[in-house]
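J.: Dropping a structure here in structure tokens format, bear with me for questions.
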Amino acid sequence: MGDWSFLGRLLENAQEHSTVIGKVWLTVLFIFRILVLGAAAEEVWGDEQSDFTCNTQQPGCENVCYDRAFPISHVRFWVLQIIFVSTPTLIYLGHVLHLVRMEEKRKEREEEPPKAAGPEGHQDPAPVRDDRGKVRIAGALLRTYVFNIIFKTLFEVGFIAGQYFLYGFQLKPLYRCDRWPCPNTVDCFISRPTEKTIFILFMLAVACVSLLLNVLEIYHLGWKKLKQGMTSPFRPDTPGSRAGSVKPVGGSPLLLPPNSAPPAVTIGFPPYYAPSASSLGQASAPGYPEPPPPAALPGTPGTPGGGGNQGLRARAQNWANREAEPQTSSRKASPPAPTPPAAESPGGGPQQSLPEGAAGSSGDSDGEGAVTAVELHAPPEPPADPGRSSKASKSSGGRARAGDLAI
């Protein structure tokens, strides 16, 4: 049989990167399969076809009976079994060597002087080896190792079933054959049937032990990962996980995590304007002047405290001064301009310009708006009518009128 040294060296390298049960499995494969098969099985099955004899002189009958009794030699069958069962382990070893080589290249690139700045955000993969220098069985390597065990188990089961259907688990000394070109049923005899039966049972037991080790290794890996998941600390509460807990699903309402404060709702209010109280205690909303006074109907009696025409002129003058208030405030903000000549009032008398002390501006502390309060007085009557001027002077004295409006 061929040399097993090359396969043995490969499997020895794979043993360094296996679990404890995997190392036991490889030991069983080395000692109880490869060594026993190379040392003893060839000696037992070396004279298999030469010592297979049949009680006939028909040419070719003995060969066809041997082919029917042993479709494939036991030794070659076990060699194929060893190769197929070892192939998943060799694939796993290739994956390990690939990862180790990639890590070595990465270290070489890190030792080289940096060249042009590459794209940022590149994260280096996790190191393949741990602190003790052993290869970590995790991630993609763990998946490869699990598939390695699964395929080894399937190959073991397949070869055990194939051996049973081809030969059975026992060789009988007598084999009856009626295959053409034998003239009739002939008796054929197998050499050393008891010794061969012992070898068959031994190799079957080794295959069952390997199958049991594969099952235990799968259980060991599953229990180990489950234990790590139970004993590992909880993941930190990241902003992404917090945002994912509030994300609506399928248009359903937001689901807040337990023990969380209700979301804050901001309600907007219109700006608050402080009312400006006049000297008579009356209040009016700033920025909303009263409508102009209605026109006096003929025959309507005048307001008390003065003639009817005098009251109408005073109210009209108040309204005109209110309309001119925005212009007055804009002139205060601009540089002083020459004072225009006094305009005539509707009553025929010159209208005096408002003194600076007559208008005061009061602004809100928050800067929301400015309110200007203006006190307006009726102009004096011409001296032609002494009775009317006395009444006007009495009504337009230093005190405020009832019809005046503070803005």
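Residue 1 is the first one shown; counting continues down the chain.
Backbone N, Cα and C atoms are what each Cβ position is placed from, and that goes for glycine too.
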J.: Would you say whether Swiss-Prot puts Glu110 on the same side of the membrane as Ala320?
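T.: Both on the same face of the membrane, per the record.
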J.: Mind checking which of Cys65, Cys208 has the disulfide with Cys177 in Swiss-Prot?
T.: Cys65
J.: Can you tell which of Cys54, Cys61 is bonded to Cys182 by a disulfide, based on Swiss-Prot?
T.: Cys61
J.: Among Cys54, Cys208, which cysteine is annotated in Swiss-Prot as forming a disulphide with Cys188?
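T.: Candidates were Cys54, Cys208; Swiss-Prot matches Cys188 with Cys54.
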J.: Short question: which residues 6 or more past the ends of the transmembrane segment (198-218) have a Cβ under 8 Å from it?
T.: 19, 21-22, 24-25, 28-29, 32-33, 36-37, 40-41, 44, 74, 78, 81, 85, 146, 149-150, 152-153, 156-157, 159-160, 163, 167, 169-171
J.: In which DSSP state, out of helix, strand and coil, do we find Cys182 (disulfide bond)?
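T.: Reduced to three states, the DSSP call for Cys182 (disulfide bond) is coil.
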J.: Which has the fewest other CB atoms in a 10 Å radius around its CB: Cys61, Cys177, the listed disulfide-bonded residues?
T.: Cys177
J.: Cys54, Cys182: which of these disulfide-bonded residues has the highest Cβ count within 10 Å of its own Cβ?
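T.: Most Cβ neighbours within 10 Å: Cys54.
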J.: Return the count of C-beta atoms lying within 10 angstroms of the C-beta of Cys188 (disulfide bond), excluding that atom itself.
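T.: 21, counting other Cβ atoms within 10 Å of Cys188 (disulfide bond).
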J.: If you run through the topological domain 'Extracellular' (41-71) with DSSP, how many residues end up as helix, strand and coil?
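T.: So the topological domain 'Extracellular' (41-71) is made up of 13 helix, 2 strand, 16 coil.
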J.: C-alpha of Cys182 (disulfide bond) to C-alpha of Cys65 (disulfide bond): distance in Å?
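T.: Taking the Cα atoms only, Cys182 (disulfide bond) lies 9 Å from Cys65 (disulfide bond).
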